[in-house]
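Listed in Swiss-Prot:
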{"type": "BINDING", "residues": "53, 55, 57, 59, 64", "note": "Ca(2+) binding site"}
{"type": "COILED", "residues": "307-349", "note": "coiled coil"}
{"type": "COMPBIAS", "residues": "236-248", "note": "compositional bias 'Basic and acidic residues'"}
{"type": "COMPBIAS", "residues": "249-265", "note": "compositional bias 'Low complexity'"}
{"type": "DOMAIN", "residues": "40-75", "note": "domain 'EF-hand 1'"}
{"type": "DOMAIN", "residues": "130-222", "note": "domain 'EH 2'"}
{"type": "REGION", "residues": "96-105", "note": "region 'Polyphosphoinositide (PIP2)-binding'"}
{"type": "REGION", "residues": "226-265", "note": "region 'Disordered'"}
{"type": "REGION", "residues": "276-334", "note": "region '2 X 20 AA approximate repeats'"}
């Protein structure tokens, strides 16, 4: 690390004067633009600020400002690979030597009094206050058309709030709560992303290697894709319809067979399927079966000719439903492409 030159000190004085110091000191907010323009990790910048603020008053006089700027430039220009734990002697101003010695003594005493450091684990429980705070951060983020948030958007937002986390921390937690490596995540994983990083920032909690099973299910939840080229399997609506159709088939078979054993067998089969369904599926199934009952009643009263007409109408209705679903997918796909086109045009302009 080369020593300070006179031209450097003049350059730092020009920058210092431009910040409009009060009583020959600048505070953290005044220096903040310079810190962020360096593109260094917040953990690195915090360590530089701590080393430079020798008198621990949360302000920098000119001598301390010179230390701060020199360490930043050395890191940016790769003159040093990491911030030193202590200032080199040639960078300590003569007026600050005694303060440095006092700081070292305090640190030795504090370290001697500290109990052995225990590993802090992430607590995944979120209190109502936590949820309110995370909701505000979530609402302040720019979202994609499907309501999800990208890594860059979240990391930029959190870097202005959590100063003790590094880019490595951000990447680790993103991989943890995004095991499918999706380009963006929705609301629930976003909350867990913020919650984990907050404990890392405030408590120094260790980032876990895996999620609890209950959280893994939330973070592994698949997002609905509107890309027509996607190989995503059919939606849940179709799966539920298939289950109801299977139950309807069982009902039709039982009505065509008068034997008590077949009826009992079909009844047990229906009960087993019924027990495995969710509330939404049960409601959907009930609606379908009531429709089937009404259909059977009308079949007996109106005869075979009207039956064939109703079957044809049902077939046409199903076709219309399928076409309607395809139109919705195409409209969403068109809207996404329009947004992409607008973004490209904005970049060109």
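Just so you know, the numbers here start at 1 and follow the chain as drawn.
Placement of Cβ uses the backbone N, Cα and C atoms for every residue, glycine included.
These numbers come from a predicted model, not from an experiment.
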DSSP helix/strand/coil residue counts for the region 'Polyphosphoinositide (PIP2)-binding' (96-105): 10 helix, 0 strand, 0 coil
Tertiary contacts of the domain 'EF-hand 1' (40-75) (same chain, 6+ residues out, Cβ under 8 Å): 1, 4, 8-9, 12-13, 15-16, 21, 24-28, 31, 34, 83-84, 86-87, 91, 93, 95-96, 99-100, 103, 159, 162-167
Least buried by Cβ count (within 10 Å) of the binding-site residues 53, 55, 57, 64: 57
For the Ca(2+) site built from 53, 55, 57, 59, 64, further residues of that chain with CB within 8 A of the site's CB center: 25, 52, 54, 56, 58, 60, 61
Average model confidence [pLDDT] within the region '2 X 20 AA approximate repeats' (276-334): 62
Counts by DSSP class (helix H/G/I, strand E/B, coil) across the domain 'EF-hand 1' (40-75): 25 helix, 3 strand, 8 coil
Neighbourhood of residue 59 (Ca(2+) binding site) by C-beta distance under 8 A, where only residues 6 or more apart in the same chain count: 25, 26, 27, 28, 53
